[in-house]
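Features reported for this protein in TrEMBL:
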TRANSMEM  337-354  transmembrane segment
DOMAIN    462-698  domain 'G-protein coupled receptors family 3 profile'
TRANSMEM  470-492  transmembrane segment
TRANSMEM  504-528  transmembrane segment
TRANSMEM  540-565  transmembrane segment
TRANSMEM  593-614  transmembrane segment
TRANSMEM  626-648  transmembrane segment
TRANSMEM  660-683  transmembrane segment
Amino acid sequence: MLINEVISVTKLYQYILALVFAIKEINRNPELLLNITLSFHILNYFIERITYKATLSLLSTQQKFVPNFACDLQKRFIAAIGGSFTFSYYAFQLTYGIFYPVHGNKNIFPFLYQMAPIEIHQYTGFIQLLQHFGWNWIGILAVDDEHGDMFLQKIEPLLFHNICYAFTLRTPQKVYVDEYIQLITVELRYAHIFTDDKVKVCLVYGVPPSMQNPRISIVLASFTRWPPLGKVWIVTSHWNYESLPLQRLWDMQSFHGALSFTVHSKEPPGFLEFLHTVRPSWAKEDNFIQNFWEQAFDCPLHISSANEEKKLPCSGNEKLESLPNTLFEMNMSGHSYNIYNAVYLVVHSLHALLKSRSIYRHLMGREKLMFHNLKPWQIILPNNSFSRVKVGTLAPQAPPGKELSLNDNQILWHKSFNQVLPVSRCNDHCVLGTSRKKKEGDKFCCYDCAPCPKRQISDKITPIVRANNWSLTCILLLSLLLCFLCSFLFMGRPEKMTCLLRQMTFGIIFSVALLSVLAKTITVILAFMATKPGSRLRKWVGKGLANSIVLLGSFIQVGICTFWLSTSPPFPHTDLHSLKGEIIMECNEGSVNMFYCVLGYMGFLASVSFNIAFQARKLPSSFNEAKFITFSMLVFCSVWLSFVPTYLSTKGKYMVAVEIFSILSSSVGLLVCIFSPKCYIILVRPEMNMKEHLRRKQT
């Protein structure tokens, strides 16, 4: 092995085999490219000097490195398939590697098509995964190149969703033999990070062959603490679970239970049988297979004086399926599947071009070659045998906040967690009687729990309050408080101002209370309807609609009262005839019809709320507020239906007493029916005051 030779990653040899398999399939297919045989030239783009030389060779005559001269017959170059491109060819380019925003610029890359999904969707999946399990104290490992720089620029702003990172490590992508000792020295300085018992989750971003470096740190960390701490590794789709040949005996149990995002893959028919035919005798056509075979099976193909006493030679009949998955996988990976599809994309484009014989029309329509049905990432779980278990999906086309779906029961955590959900937080939650106090110089996820000052308690927004529209609840409570207070306007000697205010104040405040209840009811209905796949009602669920209902409905009642005041306002009146021997001082309503219009509008709001809440009372939920709203509206309607005949049949001070009683009893009905269940759960059944319980549906 040369001193400047990059250490080989045998697992990536599947990329080559996927390309070869696709080419052989196509050349055997008589329906594609009739009388045309495809050939290919594979170059190692992990080594820059080979990549640059290969690029220049495309401009030269075959077998002669003279750029810009083509003096004899040359094979026709039609497409380039690679992991990533930093420059453009005047030919079709297909990349299965990391998505660069610049690749979308048709002025720079007019012929490039990206096979991999857009990276930003994967970053959104990271954040939702961390939030799903409540992990807010994590470590970040990123490859030390432009890919890692781009990842950190994108992911760090997203981490402000109440998530902090304890450390950020940069690891080299490629390691040469003469740099290996230096790498171990560097990794030894960072090994203590992996023994931090608070950081249970590490977010890893890298491209092959960057996995080897974290493995060195983990091995070194095991010398400082035994048994080593378990970690949850969340890795990107471009990161492979690979081992270098010299790491074949290293323990992979540290990555047991890792969560990985991967691109969609499907096993093409015949690919497994093709892998069984791979032999080192291909060396004349494949310059990579000899090096792969010797490193994968740890044996020389040719005996020399240097190794004849050290290792037995390879027989050439070794089986790829006998290799551990960290060295070679028999199942087609997502990146290999992208390479396979890239070959077919080029061939079908060329086939259509030859069939139409219209180059101009084909080039003008090249945008139609774009595929939009790429599958989303899947979350996988490597276990002891390094098999992959699907535990969820990430669907970018899903509604916002619903892209990630998980089956928690399928996840098998690292054995050190004893199958208990790992907790990765800088601090535990502060207990009752204490409050958060920021630590100077630390991130907001780290804090001290200081005792509350004397005569103060720790405040906490409980889940049951947050689950029932906190802002509407505050409006309803405030309006009910004012309803109780407005009853004082009906007491005492009637004055001009009190006569003007009492019915108007009562009507407007009660309308706000009823509109708050109506808005709550409509929100409950829309929230359940919006959970259906593809529902367009999601955009209507929120504070905007609820606040609009309260404001617009209140304006209607204000309009009725304003019209009443401007046409026939209430006024103080002395009644000399209703009762013999008594003079009654009362407020004359001015216009009885307008008074009943105010009551009628409130009755309309109550009946609408009752009907909607009655329909929603059986919606599946552990705490469905609609059934309590139904009872409150039933009490309200009963009180005011009884008020009308009673009010008409009484005179004098008893009329005022009836109205005060109706105001107080209906207010109490709303308060008790809607808020007593919440108080019961908060004070008596706190175990029900949990997000998990509120989200659990009835069966």
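Easy rule for this one: first residue shown is 1, then count along the chain.
Glycine too: its Cβ is placed from the backbone N, Cα and C atoms.
Away from its own ends, the transmembrane segment (470-492) comes close to residues 461, 498, 501-502, 505-506, 509-510, 512-513, 516-517, 519-520, 523, 543, 546-547, 550, 656, 659-660, 663-664, 667, 670-671, 674-675 of its chain (Cβ-Cβ under 8 Å, at least six residues beyond either end). Fewer than three CB pairs closer than 8 A are found between the transmembrane segment (660-683) and the transmembrane segment (540-565), and contact between the two stretches is not assigned (pairs 6 or more residues apart). Predicted-model confidence for the domain 'G-protein coupled receptors family 3 profile' (462-698) is 80, expressed as mean pLDDT.
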